Amino acid sequence: MGWPRSLQLSEQGLEIIKNNIARIKKNNPSWNDLDWLEKATNHIDNKARVTSVSTLKRFKSKKPIEVKGYIALCQAIDIDWRKVTDWKSLGIDQYEFVSNPWENTLLENEYTLTGHANSVGSIALSPNGNTLASGSYDGEIKIWDLQKRKVKCSLKAHEKDVSCLVFSSEEELISGSYDEKIKIWNLQTQEVKWTLHQKELGSNPYAIESMSLSPNGEYLFINSYESEQIKVWSLPKEIKQVGCLSKHKDGVMCLAMSPNGGMLVSGGKDGKVYSWGVPSKDNQPHQYYEDWISFPESESLEQHSDWVTSLAISPNNEVVASGGKDGEIYLWNLNSGTFIKKLEKHSKAVLSLAFSPDSQTLASASYSQTIKIHNWRESNVIQTLETYPNYTQCLVFSQHSQRLLSSNSQGNICTWKPSSINQ
């Protein structure tokens, strides 16, 4: 079964929702978590219809979260919409389903992009999903046309490994490297617009391990396994360092930004995962370190015993996945930092994590030469992809093409499609 595309409620169904909201708020007068849901009932037209196209934004702890209408309705009645078989008993007269290609389906290799002479340690998709950037250990960046499945251009970008890539727009790419430099590229002219060399700025130079860009493109966060600090840079008009986040006790290994821009998450050699929130009173970069949460908040709870090597945040801004050097995978609530569960571990370090577009499937890649596809809600592995003799270094889901892309130590980029998709 897929997920609901749209629902049409009877008057009775709408009344059920309103009564449930009133009951819960009466029993918990100090709990404001259902305020957003109460507003959702006003999002329904006079025919008692709510569609997934109509997205309501709620603010929990003053951080915007997107909630689809159909999920909101089911949450109001305290049910799991994925398990509903009799919608009419809920007062829902009409419903329509759209197929979910990632729901417990197997992946198959569709095609492979070749051309790099060395390991590909980083890949990134452009906003429209048609262009892929890949960075190699020899410092080369290739720009691919995914529709034509061929290279558009190759850039002699860095002197050492290209460790991270991020698109700031369709025409602009940011690259980070172990050569201690960050470059901003104009992809139309294939020229460097700007180069940050930390040594020239009087900053202690270190190899760039990863970076994350805020969705509005205004702030760039960079980190290194050699430093316990996360540096904050302002973009794009006046490029300068404007902040420094310090909480880790050892080198920072990975970063992840929530799709709504409300949270930055970091993982380090100290085995810690922290989230950095943006207070609603001020959206300036130096405020990022004021609201931080340790994952977990209590030392007695489940936590990594070794380096945190990979992070991913679900597209619905609710779940953080963290992978460790010991092969463990933990899931956390993004807003509270509370532990959710552990997933089946890899035998070696987790190198990359990625959530599917619907947030229900998690892909994990390991130095053990495997990719695991997890149905994380059910805590089971749908499929294990053997990548011997190569190990996968980076994973990216494409929301536009419904594909999973992976880069490996042989220099190839593999495209995986759900078997439920015929083309």
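From the backbone N, Cα and C atoms, a Cβ is placed for every residue, glycine too.
Feature annotation from TrEMBL assigns repeat 'WD' to 113-154, 155-195, 245-276, 301-342, 343-384.
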### Message
For the repeat 'WD' (301-342), how many residues does DSSP put in helix, in strand and in coil?
### Response
0 helix, 21 strand, 21 coil
### Query
So what's the mean pLDDT when you look at the repeat 'WD' (155-195)?
95
#### Entry: Helix-strand-coil residue split for the repeat 'WD' (113-154), DSSP-based
0 helix, 24 strand, 18 coil
